[in-house]
C-alpha cells in the first residue's frame, strides 16, 4: 500500500491524533515546488511549461539550492510530532497514576473481591481503554518514523544526494518521540495489573464452583413440586410478616418514622463506626436482589416488591448501619444509594416495565443528573448514555421522564444529552448503533441536540454507525428528521496556539460506508437525498450552496463501485450506483484500477457478471501491464475465470492511463501547484534506480539447489492473521492484550531464537507479479513496508529425538510475556501421510493458568537414508557454461543453461498397498467398468484384476514401442528400468494423493505408506539403476526429470537429492470441450472417482493459485512449472511473468490439440512425452 494513502487511512482509526501526524503530503509537494524553476508571470510559454521541458539537471540544481527550505520545513514537522508526543505521554502517565491509585484503593478496601462488582468492571474497562490508548500512541510513533524516512528518501532521489541516513541518525532518531521507553513501561505495568485482576477473576470462579454444591441442594428443595412451592411461598410470606411485623409502619412511612425516632436511638446510631459502612457492596447485593425479583412470575407480587424495595431493604440497612452523620445526611445518603442503584439497573437486562415501576416509586430520590466521581475517570457516562447503550431493552421511558416529570431543567437535560463519554460518544451514538428507533426519534424531536453528526474517537457519526449495523429506519430518521449530513465535509481543526486552521478532521463518507457493508437501502436513501440537495443548490445558484459530488473516494482512493466490487456486493447495489451515474470503468486513486479488477482479485463472479452487463471493459491493462484476465488466473478461481470469458478477448488491450486521456492530458499540460492538487507529481518522471549491487559473477542457480545430506528438515507454519492463537473466550482480560509477536527458541544451542511478527501475512502475493523492468521507483518509495512475516520458520537438525521448541507470545506493544507453551520431541514424531501435520499446544500465562491454545502446522522431511549419488561421480542436471551466459538479461533475469534437451518419455509411478512401486498409464485400473485405485491393491490382487503377470516383461523396446507399452500395462518400475534402453530419457511423474483428495474422494492409504518412505523407495530404485548403468559400461547417466501434481512430493524430491530436476505440474484446471468453460478438478484428476460428487463442489470456488504455485516453486528451488496450454493461450503475459522469476515453463497440450509453434515456452508436454527446446534459458 502506498504510504501516503496508508497514512491517510490510519488517521480515521486514530482520530485523536489527527492533524498531529507528519504532513507527508505537504513535504512531497514542497519537494515538487522547490524543483520547479521560478516562473515569470509575463511569459505565456512559462505558464504552460511541462515537466518534460525541464532538464533533469536543473531539477537537481534547484533542489540543492533550496535544501535549507526543505529541511526547515522538515524540522518544523519534527517539532510538531515531538511536542504532541511529549504532551500525550504526559497525559497517559497522569491517567495511569489515577487508575493505579484507584486500583490500590479498591484492593485495600476489598472492592475487587468480586468480579461482578461495579468497581471491578469499571477498573477493568478503564485499563482496557488505557491499553488501547498506549497502542495508538505506539502506532503514532511508528507511522511518523516511517514518514520521516520516506520523506528523506524522496528528497535523496529527487536531489541526487545522500542526506537520509545521516539526518535520520543525527537528528530524527535522537528525538524523545523515538527514544523514550515510558509507554513501554506503562504497558508492562498495565498488563501486570490486568493479570492480577485475572487472578481475582479465576479465584472467584473456583469459589463459585466449590460453593455450587451447596446451592444446588437448596435449588432442588425449592423446585420439588407445585404444591411444595405454594406451601413454601406461604411459609416464606408468613416468616417475612413475623420478622418485619414491628417495622412495617416504619418502612411504609419512613419520613414520619424518622421524625419520631427518640434521641436515645439517634445517639445509639451515632456510635456506629463510619468505617464499617460498605455501601458499594450493599448496592451490589440490592442490584442482584432486584434482578431476582424481576424473575418472579406473579406480576402483582413482583410489582409490590419493587415498590416496597426502598422501605424493606434500603432504609432498614441505613437504620442498622448508618454513621454519625445519619441525622444530617439521611436523605442525601438515601438519594445517593437509590440513584447509584438505578444507574446500575439502567444498564442491566432488567425489563423496562419493572425498571419503570422502581423509578416511579423512588422518583423523588433519584437524581438523573447524578454522575459518580469515579465515572469521570472510568467511563464518563450519564444516565442517558447508559439508557441508550443498553443492548436488550428500550429504556425510552427514562428520556420521557427526564423531559416531562423530572425536576431537571431544560438546560441540564440538554447538557446531559450532548455530553461525551470517554469514547467521545453522545447518547445518540449508542442509540443509532443499536438500532433503537424510538429512542433516536425522541432524541431528535427534543431539539436539544447541538449536533446530529458528532464524531466519536473512531471518527464515526451516529449516521455511520446506523448504516454499519443496517438500521435503515434509524438512518431515515437521522437524515429526514435530524437533518444529518448525507454528504459531510471534513471539519476544520483550529490550532489555538496560532489561531489558524491547521487541518481538517477526517471522517467516513456515509455512502462509502453503505457500500462497504452492502447496505442497499441506505445507499439508495443517501443518493436520493444527495441528488435532491444538488438539484436545490443548482436552482439557488448561490456560492454558499455549491453542489457536492454524489460519489466521493474514501481514504484509500477507492470509489463506491470499487468498494462494492471488492466486498462482493449485491448486484442490485451495483445497478443503483450506475443508475445514479457511477462509472463502471472509473479508475481509483490507489491501484489505478477499474472496479472489475477488485472483483476479480476478490473472487466475486456475480459482481463481474453484473459489471460486464454495464459495459465494464476487459481490454485494459494496469500500470504493470496486466489485465483482469491475468489476475483471474493468477490468484482467483474458476467461476471468476468463466465469468470473464463471457466477453470476447480478442480486443487489443489499452492501458488504464489512456482511459479518459483527454481530461488527464489537460491536467498534465499545465503546472498547477495549488495545495489541493494531487494529480500532478514529479514522481511520474522519476527514473532514478535504487542503489543495488551488480549481479553476482556466478548466479546462484547455476549450481543446482540445496539438499538434505544428513540433516532433518523441519518447517513450522503459523496460520494467517492471528488464527493460530486461540485465547479463551471468557478470559477477556488476557484477550485485551493483543498478541504482537512470537519468539521461538529451542533447547538445541546451535539453533538461534526466531521472532515472528504478528499478524502473519496471508498467502496473497500482491506485488509478486510486478515486472522487474517496469517497477516504478516511485511506487516502491511510496509503499508502506509490511513488517509482518509469512509465518514460516525452517530448521535443520540432526535428530528429532531431543528437539523441542518453546513458544513465547508477547504483546504488540510492551515486553511482558502474555503466554508460553512448549512443543516436546514426541509431538514431532507423529507420522504424517503427506509429511504435514498439525499440533495444538496449550497456552499458559505467567501464573500457569491455561488461557488458550496455539495451533500450527509443521512439515518434516528426512534425508535420503541410503547411499546417494555423489555429484563428483554422477553428472547432475545442471552443467557449467561459458561466462558469456552468466549475465543479467535486459528484463532483469539471470540467464543459465540446462543440460535438459530433447524428448523425455513420461512414466507415471505410484505405490501399491504393499509398498510395491509400479509404472502405470493411470493411477487406477478398470475392472468390469469399475475404476480401482492402485494404492488399494496389493501385488497379488493387481495380477488378478489385470489377468497377467505384471512382473514379467518380454522383449526390448525402442522409444515408440515403449510409449505404446506404457499406455496399456502396469509393470514394476524396477523391472521396467532394466529393459529400457540407456539412451532413453524419462520424466518420472510421481503420483501420491494430496490430503484433500484423501479426505474428499476419499482415498484409503495403507498405514505402512507415507510420502517420505514412498520417495525413499523410489529414489533407491533410481539410484541403483543409475549405478547399474555406470558399472555396465555405458559411462553416462540416464537423463531423468521428476514431476508431480503433489506439491509436497515435489518439495521432498528436491530436498532429498541434487541430481535430478523437479517440475511442479498443474492438472486441476481443465477446459470442457463442449461448453468451452473451465472446470476444476483435484490435483491428480480424481474428481470422477469421488464417492459423493457434492463434496467436490468446492473445486469451482477454490483458488487457481498460479501465483502461489510459482512462489512455492521458487521457495523450494524447483526447476520449473507445467501449466495447461489452454490457460497460457488465453493470457500470454503469464509465460513472461513466470519465466522472469527464474523458472522453466512447460506448456501441457492435450492429445487432440496441436503443438504450439513458438509461444516462448521452455518445453511442451504432449502425448505422454516431454519435449525440451535446445539451449534452455532460465
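Here the Cβ of each residue, glycine as well, is placed from N, Cα and C on the backbone.
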When you get a sec, could you say which of 169-209, 210-250, 251-291 is annotated region 'Disordered' by Swiss-Prot?
-> 210-250
Phosphoserine, as annotated by Swiss-Prot among 736, 956, 1097, is found at 956
Candidates 423-452, 506-535, 556-586; stretch with most C-beta pairs under 8 Å toward the repeat 'ANK 2' (458-487) = 423-452
Restricting to the same chain and to residues at least six past its boundaries, which positions have a Cβ under 8 Å from a Cβ of the repeat 'ANK 6' (624-653)?
-> 596-597, 599-601, 603-605, 608-609, 612, 618, 764-765, 769-771, 774, 1069, 1076-1080, 1099-1108, 1127, 1130-1131, 1133-1134
Under a three-state reduction of DSSP output, how is residue 956 (phosphoserine) classified: helix, strand, or coil?
-> coil
Structural state census, the repeat 'ANK 2' (458-487) (DSSP three-state) = 16 helix, 0 strand, 14 coil
If you skip the near sequence neighbours and keep only those at least six away, which residues in the chain come within under 8 angstroms of residue 956 (phosphoserine), Cβ to Cβ?
-> 979, 981
DSSP tally for the repeat 'ANK 1' (423-452), helix/strand/coil in that order, comes to 17 helix, 0 strand, 13 coil
